[in-house]
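Feature annotation from Swiss-Prot assigns signal peptide to 1-27. Annotation comment: Swiss-Prot describes 28-197 as topological domain 'Extracellular', evidence class sequence analysis. Per Swiss-Prot, disulfide bond is recorded for Cys38-Cys88, Cys47-Cys71, Cys63-Cys84, Cys133-Cys183, Cys142-Cys166, Cys158-Cys179. Positions annotated as domain 'BPTI/Kunitz inhibitor 1' by Swiss-Prot, on the basis of sequence analysis: 38-88. What Swiss-Prot records for 133-183 is domain 'BPTI/Kunitz inhibitor 2'. Marked as transmembrane segment by Swiss-Prot: 198-218. If you look up Swiss-Prot, you'll see 219-252 marked as topological domain 'Cytoplasmic'.
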Amino acid sequence: MAQLCGLRRSRAFLALLGSLLLSGVLAADRERSIHDFCLVSKVVGRCRASMPRWWYNVTDGSCQLFVYGGCDGNSNNYLTKEECLKKCATVTENATGDLATSRNAADSSVPSAPRRQDSEDHSSDMFNYEEYCTANAVTGPCRASFPRWYFDVERNSCNNFIYGGCRGNKNSYRSEEACMLRCFRQQENPPLPLGSKVVVLAGLFVMVLILFLGASMVYLIRVARRNQERALRTVWSSGDDKEQLVKNTYVL
């Protein structure tokens, strides 16, 4: 009887241990699933297709549109906004507790696309007029087609261009108003473009050269006059003065 009770207790203990292990595995799988499908950042991939997809931005708590290249993506990649919200709408940054470390490790192992550099991605950057307003418009190597605006420092106005979706620069704005607000009259004397700088430097060099040549000519003329005066004084000696005085006496 005692052996039977002991056997039952052992079975109950093993069943409890098994259920705990199973629940732990399921919880780990769920956390891993949440991480892979909702917490990682979007990945455009190395291919150059142009597929509209949705990804869950856990910081904003919303699903956002992006352009997928067609390969080397991750699980945070949905065909529709509804599918994205269904999977991740209730997920927050603190949903998985201490998964921040594992999330960073996973992000580093996923091949990521070149970081999009445009005017919307400068939350921690200091404003630099040359970087945000004088740089040329850059379409980039990707093949998406985003209408953007850039500031033309020579015309002091914002013009539209097509942004490919990757490897742009900071002089890229989603609206003309944002472009003008960022760059128009931000600097009373904005730095000149490289071509204008070369022209200005060349003009200054020519002016300095002309002034130097003019000063040299004036100096040489003065030296020549002084030498001529000294030569005349040497020829007209005191003996010549006496001879001239005697001639004048005889004439009188």
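Cβ coordinates are placed from backbone N, Cα and C, and glycine is handled just like the others.
Annotated features taken from Swiss-Prot, shown on the structure.
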residue	record	Cβ neighbours (10 Å)
Cys38	disulfide bond	23
Cys47	disulfide bond	16
Cys63	disulfide bond	22
Cys71	disulfide bond	13
Cys84	disulfide bond	24
Cys88	disulfide bond	24
Cys133	disulfide bond	23
Cys158	disulfide bond	23
Cys166	disulfide bond	21
Cys179	disulfide bond	25
Just counting, how many other CB atoms are there within 10 A of the CB of Cys183 (disulfide bond)? 25
Nearest to Cys84 (disulfide bond) in three-dimensional space, by Cα, is which of the disulfide-bonded residues Cys38, Cys133, Cys158, Cys179? Cys38
Using a 10 Å radius around its CB, how many other CB atoms surround Cys142 (disulfide bond)? 23
Give the residue counts of the domain 'BPTI/Kunitz inhibitor 1' (38-88) per reduced DSSP state, in the order helix, strand, coil. 10 helix, 15 strand, 26 coil
Nearest-integer angstrom distance between the alpha carbons (Cα) of Cys71 (disulfide bond) and Cys142 (disulfide bond): 13
The domain 'BPTI/Kunitz inhibitor 2' (133-183) - residue tally per DSSP class, helix then strand then coil: 10 helix, 15 strand, 26 coil
Nearest of the disulfide-bonded residues (Cys38, Cys63, Cys179) to Cys133 (disulfide bond) - Cα to Cα: Cys179
Whole-number answer please: how many Å between the C-alpha atoms of Cys63 (disulfide bond) and Cys88 (disulfide bond)? 9
Can you tell which of the disulfide-bonded residues Cys38, Cys88, Cys142, Cys166, Cys183 lies nearest to Cys158 (disulfide bond) in space, using Cα positions? Cys183
Could you check which of these disulfide-bonded residues, Cys38, Cys142, Cys166, sit within 10 Å of Cys47 (disulfide bond), going Cα to Cα? Cys142
For Cys88 (disulfide bond) and Cys179 (disulfide bond), determine the Cα separation and express it in whole Å. 34
Can you tell me how far the Cα of Cys38 (disulfide bond) sits from the Cα of Cys166 (disulfide bond), in Å? 22
